[in-house]
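Annotated features in TrEMBL:
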DOMAIN    248-654  domain 'Major facilitator superfamily (MFS) profile'
REGION    1-22  region 'Disordered'
TRANSMEM  250-270  transmembrane segment
TRANSMEM  290-312  transmembrane segment
TRANSMEM  342-363  transmembrane segment
TRANSMEM  375-396  transmembrane segment
TRANSMEM  408-428  transmembrane segment
TRANSMEM  451-473  transmembrane segment
TRANSMEM  485-504  transmembrane segment
TRANSMEM  516-535  transmembrane segment
TRANSMEM  541-564  transmembrane segment
TRANSMEM  576-596  transmembrane segment
TRANSMEM  602-619  transmembrane segment
TRANSMEM  626-646  transmembrane segment
Amino acid sequence: MAKSNTGGTGIAESSCDGDSHGRKVQSLSWRGGIRSVACLASVSITRFRSRKTRDGLRMETLFEHILFAPKLGLGLLKAPRIAWWGCDTSDGSTVRHLESLGDFVVDADILVSSSSSHGCEPPDSREEDHTLAARLDLQGWHGYQGLMGDVRQLQFQFGREIDEDLALDPHKFPDQFRMTSHTSYVLPTMAASDRGKDFVSSGVEINHPAVGASESRRPVDGFQVEDDRTVLQETTTDADAFPDGGYRSWLVVLGSFLLLMSSYGLMNSVGVLQSYLESHQLANYSSQNVGWISGLFVFVSLGLGVFVGPLFDTYGPRELVSAGSAFYVLSLFLTAECTEYWHFIICFGIMAGIGGAFTSTIGMSCVPHWFQARAGMAIGTAMAGAGLGGVVFPFILKGAFANLGFQWGMRIVALVILVLCGLASFLVKSRLPKGQLKAAIDIRCFKDSRFTLLSCGIFALELEMFALIGLFPTYVIKQGFNTSASVYTLVVLNVCSCIGRLLAGRVADRYGRLNVLIILILSAVLTMFTILYPFSRHLSALYIFSALYGLCSGSFISLAPVCIRQVSNAKEIGMRFGTCYCLVSFATLICIPIGGEMLEKVGSRIVVIWLACVLLRKVTAEMHLYISVLVWLACGPLALLAASIYDFSPEQVDQGIALRQLAREATENIKRDRTGGCRPEDAQIRKEWRELTPEERQQFIDAVRCLQRIPTTLSADLHQIYPGIQTRYDEFLATHINLTSVIHMTADFLAWHRYFIHTFEQDLKSKCDYAGSLPYWDWGLDAENPQLSVLFNGDEYSMGSNGVFIPNRDPAYWPSIKEYIPVGTGGGCVYEGPFSNYTINMGPIDGAGQKPVNYRFEYHPHCLKRDINPTVTRSSVTFRHITELILSYDTIDWFQGVMQRDPRFSVPSVPYGVHRGGHVGVGMVMGDAAGSPGDPMFYLHHAQIDRVWTIWQGLDLDKRRHAIWGTHTIVDTPPTANMTLDEMIHFGFAAEPVRFRDLMDTLDGPFCYYYS
């Protein structure tokens, strides 16, 4: 074959059409076509890219820059493993280069290597000299001739007697040419005089520099070099002789299964514990603060793996499992006795995290000691225990908390974990002898670019997974489905995750771990775009997504440890696991504490993460591109999940811009599509308190005072039954007290209060000559510091001051809802402003921090009290809370349920709901579920409730104008029939009954108003 004209490079063109003898290749199957494409691509790029190195010529090929492409494209087409053999350069650079790649990239085991003046002839064809041969075991690599780069001379071929077509089918190899696993062959070497000559190998003619007689040949790991004769040494150690099966090996898998079930299983279930703590022991803390407890638990569990890993490598698993599980169980028993926030931080966040670090790290580190070829299947089986724990523990916690209480719930979990870890301590075993204790963190492992990039990829995967799993139940609820649906979709996800972990390992062992992982990440992203995004309002679609994403995400967890094992020596597995997951633990620390808020603010963060991943891809373009792709794709589902929540920026939402835009759109729709006789130009406009002039505010205050002085018109008989009713204002208060249980968390909650405050407004007009309309209180304007609002500054144009501050108070318990209410900034009587001298004639009835009267309607004069509470308003009535309530729920049941904090529609990130948040935010009288109309702020607050409902209706009038859901009684207790629009709604002393249907439109029926 003639040399090519390449500017003196000495590289001849490689012929893809024939072998070294010029014979034309007859492609007998479709595999031949693929081989030809690969060969042409290799030759083309080889021609295009070449540069001079100190050792001679280096040729960069497609394989060097996109290492995963052949396995991803060709490797999946055929399963048989083909044994290759070839030649090395005289200085052993080929071996070192291939060893640096290792089986992480090409599943290659380098046994022997040397140089040859005779090309690469088959074994036993010459016997006068001896040399070393390189054997590569490349899975699914068919007929590719161009593995280049540092490998200057390694060209694959099958000898001159074997036609190239036979190379496509290993079953056609002559017996003497088949290469079996871990087999070393002795090949002829060239004499010293022949070195430096040109020779032909697989169609490529290569000229490499001669090695002088005085130059010493550097030894290669695993070989002894003696002058021109190299003697083969043993290359397989005990550490690398993996059993890959057997009774003892599978017992270790079972032990790891139990350990991961007890550790990762509880990590996957902390949402149930967090939700319970938010509504019980830690009711006074926000979701974000409570989230730090579970976040710290997961962070410590994963972060301390960096110290547990070296201990495992040194002492083995059994002693560590016994000590770690004992500490783990003890911490859970102590958690059962916790009552304060710092108790939970120490006992569960830190102590349980330490125990979880031992069980999780050892559970992941044991199996790789026993498996190599079947590592994916074995580790996937062990990791399925984590998914099973994620199914079992939520049911245990939920059932035990409801029936036995918190203490016994945690004790039962501790006993279950004790049994699991106790069994595991007898099953797990290390295969290697105990070694010397090493440093907890060996930063030298980050010199391995494969390990560094893989760790970054796992970090991104864990970040996405923990965030999505933590957000998904809330996301389901925000689509308008109940709590049960959110729990069951999560259970489906975890069950399918178990299946995914089992299947992914078997498939990965066959087709390559990273190949399978990348394909499954792509599949997960695809399900986000094709199922979750367009069909999130359909429960069946959410179940389908849960199943498919569970199958994919299960592989993320199970294949990550396999990939770490693949780039690690057997004696360093524990240390590298710990180092990697120490880095990963910071991802969990970021995700879990802010899980309840990520639906609100994740958009801007994802932009940063996405750009960082693109940058990482750029940085690593010259290294392992496929890991960069893994990192880049891992963030895609989270970005899509965030993008599907709302179309406004966080700044627009937080500043109220989004809410004003929604209000304008809704008002325009209501005016345009009105069905009643009220014309918009004739309608009253209800304004926010700050939009009123001082004179208008004064007129409203005077009208309220007037109604408070007008005597009641009740008969003497009724007055005996309702002795507390002294004025017309009291009639409204008594009506609300009397009907509380049938106007809250019922079908008519919104409509009843709409007409109730409308009747109050009409009385101000007809009885007290008020010319204006009822104002509303836009909570978002004051949510940060409501005590400083113009409504409560105590001047003559305000609604009166806050209550007198009462120090040294504890959180007040609210019996009817079984929750504690945090202490506010007042607590006593209103001391300044228009209502500072007002006397309420009935109540208190049902509120936190107040002693209820014996008879709800008894005459019990007392002052107007307030305890304005910024802690409550900041967590319930901000612009963000209002906007998300309007945008997140398409159905009336969820809209009004979340608004009221109905326990049937519980959302962990909504501790109060805007309705309760407004009441409790003002506090005392306003915080009385039945007696709240005693405070005139009740009417401004419910005008805002009506405004929010009107905006929600106006955004989709066809579906929402007449939407109702529910029964006649509070949370359907006792059970009653569903209400209909044709029923009559009663208003007691306030007004005559009105048909339900007539109360659904502010420009129809008895109404003729809209909001500014």
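Here the Cβ of each residue, glycine as well, is placed from N, Cα and C on the backbone.
Where the annotation comes from TrEMBL, it is an automatic prediction and has not been curated.
Counted over residue pairs separated by six or more positions, the transmembrane segment (342-363) shares at least 3 Cβ pairs under 8 angstroms with the transmembrane segment (408-428), which defines the two as touching. Using a Cβ-Cβ cut-off under 8 Å and counting only residues 6 or more beyond its ends in the same chain, the transmembrane segment (408-428) has close neighbours at 251-252, 254-256, 258-259, 261-262, 266, 317-318, 321-322, 324-325, 328-329, 332-333, 335-336, 359, 362-363, 366, 393, 396-397, 400-401. Non-local neighbours of the transmembrane segment (541-564) in the same chain are 104, 264, 364, 367-368, 375-376, 379-380, 382-384, 386-387, 451, 454, 458, 461, 465, 468-469, 472, 476, 479, 481, 485, 488-490, 492-505, 508, 513-514, 516-517, 520-521, 523-524, 527-528, 531-532, 535, 573, 576-577, 580, 637; each lies 6+ residues outside the stretch with a CB under 8 Å from one of its CB atoms. When Cβ-Cβ distances under 8 Å to the transmembrane segment (485-504) are tallied for each of 250-270, 290-312, 375-396, 516-535, the top count falls to 375-396.
Taking the domain 'Major facilitator superfamily (MFS) profile' (248-654) as a whole, pLDDT averages 73 in the prediction.
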